[in-house]
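Have a look at the structure below, then the notes.
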Amino acid sequence: MNNIKSFFGKKKKTQDQAEPLVIGDDSEKRTVILPPPSPNAVKRKNKNEKPYSIDLNGVGEVGGKVYNNVVGVFADGNDTGEISPTIYCVSDFQGLLKNDRKWIQYSELPEGYTVFYFQTILCVLNFLRRREFVHYIYVDKFEQILEMNENNENIITTVIPTNPIDENDKINSKSINDGDDNGGGSGGGGDNSPLTNVILPTITTTDTTTTSITISPPPKNHLSLLEEDIKNNQNLHHKQQQLQQLQQLKQQHLQQQQKLKQEQQQEQQQQQEDEPNKSPVSTSSTLSPQLESTNFEMTNDDTSLNAPNAMLTPNNISGISYSIIYPGKKKRIDFSRIFVSPGHSFRFPEEYDKALEKHLNEGNPKEHFKNLDFEARGGFGSVFCAKNKNPHSAYDKQMVALKKMPIKTLRHKRMNLSEIGFLKYFNHPNIVKFLCAYQKSNDELWMIMEFLSGGTLKNAASNFKFCERKIAYVCREILQGLDYLHKQNIAHRDLKSANVMVNDKGEIKLIDFGLCIDFSIEKEEINMLGSPSYISPEMINGNPHSLSTDIWSFGICALEMLLGKLPYHDSRLKAMVFVATNNLNLPLLLSTTTSSLEFRDFLTNCLQFDPSKRLTSSQLLQHPFLTKACPIKDFKEILPALYMSNTLSNMF
């Protein structure tokens with residue numbers, strides 16, 4: 001029994017799950033921007049709370065003043081439960097928080113990655129650290145700000161020398177949690193915070209619609225530092241090669257900046273034509289092209305230092321600073337829609353009541369269903385095994401899966417009601433069957449689905465060695481479900497082995513449609529979402545994604561069945577950076593296997609870096625590899641052992 005416990009118990013922490021490290025005093029390498037406060041102040045319930053906390057209720061306190069840091073998506077001021085992150089403006093590896101520097105070192109990225117792919121690493125860190133409300137912004141050379149003034153007569157950037165700090169204005173601040181998302185702990189800390197002294201200037205303006213903060217000049221950019229290292233190199237032969245490579249990088253960097261500048265000019269020209277009375281000024285030329293969507297804007301108002309959350313850091317106590325407006329979170333293209341059918345939806349929040357009437361059943365669900373056992377917890381609710389106790393219903397004494405879905409925020413209301421809409425519309429043997437849905441209370445929905453005994457594909461892949469015939473069977477069944485979605489311009493966007501169920505009949509079914517999206521109107525979107533190891537390269541790089549993003553995730557699932565584990569499973573950060581930089585290295589991963597040429601070709605067509613080169617679900621269903629699929633009776637041989645392993649893992 002002890003051996004069984006050790007096998008199914010908690011696994012040893014990997015590099016991504018190391019204990020949080022104490023933050024060192026390296027704040028001079030970055031600039032810190034605290035989240036903008038809401039005008040609605042909220043008092044602390046716990047007097048022992050830390051001076052700055054962003055725990056359960058999204059309430060942050062600075063210097064004895066408590067602010068509600070919840071940011072609303074809609075203009076009417078309703079909040080969505082989203083908490084603004086703390087922004088760190090950095091220009092090189094040394095500007096990262098100590099936790100993140102150590103994380104990157106533990107990931108053992110190849111030499112030079114932190115220089116050549118630094119902006120990609122920032123995008124990955126922002127995604128993995130989103131639950132700790134940490135967000136990095138790449139800022140290039142400060143000279144670019146002055147260059148913008150010379151090249152754009154309409155842009156007036158305020159350059160303000162900051163005043164010396166009076167001792168009476170200093171406020172000591174405790175450290176802000178700095179752990180790694182899911183895999184690096186949630187604590188951090190001590191008093192060695194990157195923000196050691198916070199200044200709250202006096203509020204002298206009545207306009208609180210925009211929030212301004214101050215940022216100090218960043219250090220030299222990565223190309224300048226690289227050039228210094230090359231010049232100090234004593235090896236003349238390698239120095240010449242490195243200088244040539246550096247020159248190519250500079251040309252690429254210049255081309256990117258010129259292209260970005262042209263796009264901005266075209267966008268500004270279009271905005272002026274559409275809204276002649278508005279002239280927003282963007283400073284994204286000082287930021288990474290991949291982070292262009294953060295929509296920073298320059299301000300020429302000297303009162304920006306008197307804004308509610310204007311903060312000064314130890315790095316800009318004296319010298320030159322400039323002000324920007326705090327960035328807003330990028331919205332999903334379907335943020336104002338609740339799905340009904342492809343191309344049709346309810347407007348949210350205006351038609352929320354109509355959506356409730358359309359998607360939900362009347363009555364109290366507790367009169368019909370009884371909770372039995374907890375099964376799983378996901379990003380959009382908790383799933384329980386339940387039993388129908390109404391003898392006159394269509395599901396008499398039937399075991400069902402009951403998903404409890406919170407609707408406390410606008411985001412929860414839209415996403416969870418949309419998931420109900422998607423499942424209610426779907427009708428396919430490879431997709432979990434929707435039964436009914438109820439509103440349990442003002443804070444919770446109950447969705448009833450068919451109960452799938454057995455386990456997930458993740459359980460199966462980690463406990464059994466799949467032969468190619470069984471892999472082909474699973475791949476064919478998943479693709480049939482995907483093909484049904486894609487033919488209706490619907491993408492799953494969270495396809496992973498944990499969202500593929502195997503029931504006691506050997507049937508394969510897709511579950512969890514919380515991130516599902518209808519591409520009938522817009523054909524693509526720019527957003528990063530899903531599970532780290534399964535996210536496509538176009539998502540990580542901030543490029544438009546569409547239906548083909550599911551094909552990449554499907555290819556990772558197939559590779560996981562072959563290897564028995566995810567590629568680069570020891571580090572999510574490393575896996576995502578490799579995917580984003582076209583360095584998955586499929587031939588190397590397959591070199592340790594005895595896979596056939598057909599299977600290798602099948603995987604290669606799924607895991608193409610360029611999404612336009614990936615085969616579609618319909619094309620993959622015609623691939624010769626799938627002709628190897630075993631009959632369902634042969635696949636059912638693994639079910640008893642799979643069911644037992646799933647039961648034991650739930651026990652311990």
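Here the Cβ of each residue, glycine as well, is placed from N, Cα and C on the backbone.
What Swiss-Prot records for this protein:
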| type | residues | note |
| --- | --- | --- |
| ACT_SITE | ASP494 | active site, proton acceptor |
| BINDING | GLU375, ALA376, ARG377, GLY378, GLY379, PHE380, GLY381, SER382, VAL383, LYS403 | ATP binding site |
| DOMAIN | 369-626 | domain 'Protein kinase' |
| REGION | 1-47 | region 'Disordered' |
| REGION | 163-198 | region 'Disordered' |
| REGION | 257-289 | region 'Disordered' |
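Recorded features from Swiss-Prot, shown on the structure.
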residue: GLY381; record: ATP binding site; CB count, 10 Å: 23
residue: VAL383; record: ATP binding site; CB count, 10 Å: 20
residue: ASP494; record: active site, proton acceptor; CB count, 10 Å: 24
Cα-Cα distance linking the residue listed as 'active site, proton acceptor' and VAL383 (ATP binding site), given in Å to the nearest integer:
17
C-alpha spacing of ASP494 (active site, proton acceptor) relative to GLY381 (ATP binding site), in angstrom:
15
So what's the mean pLDDT when you look at the domain 'Protein kinase' (369-626)?
92
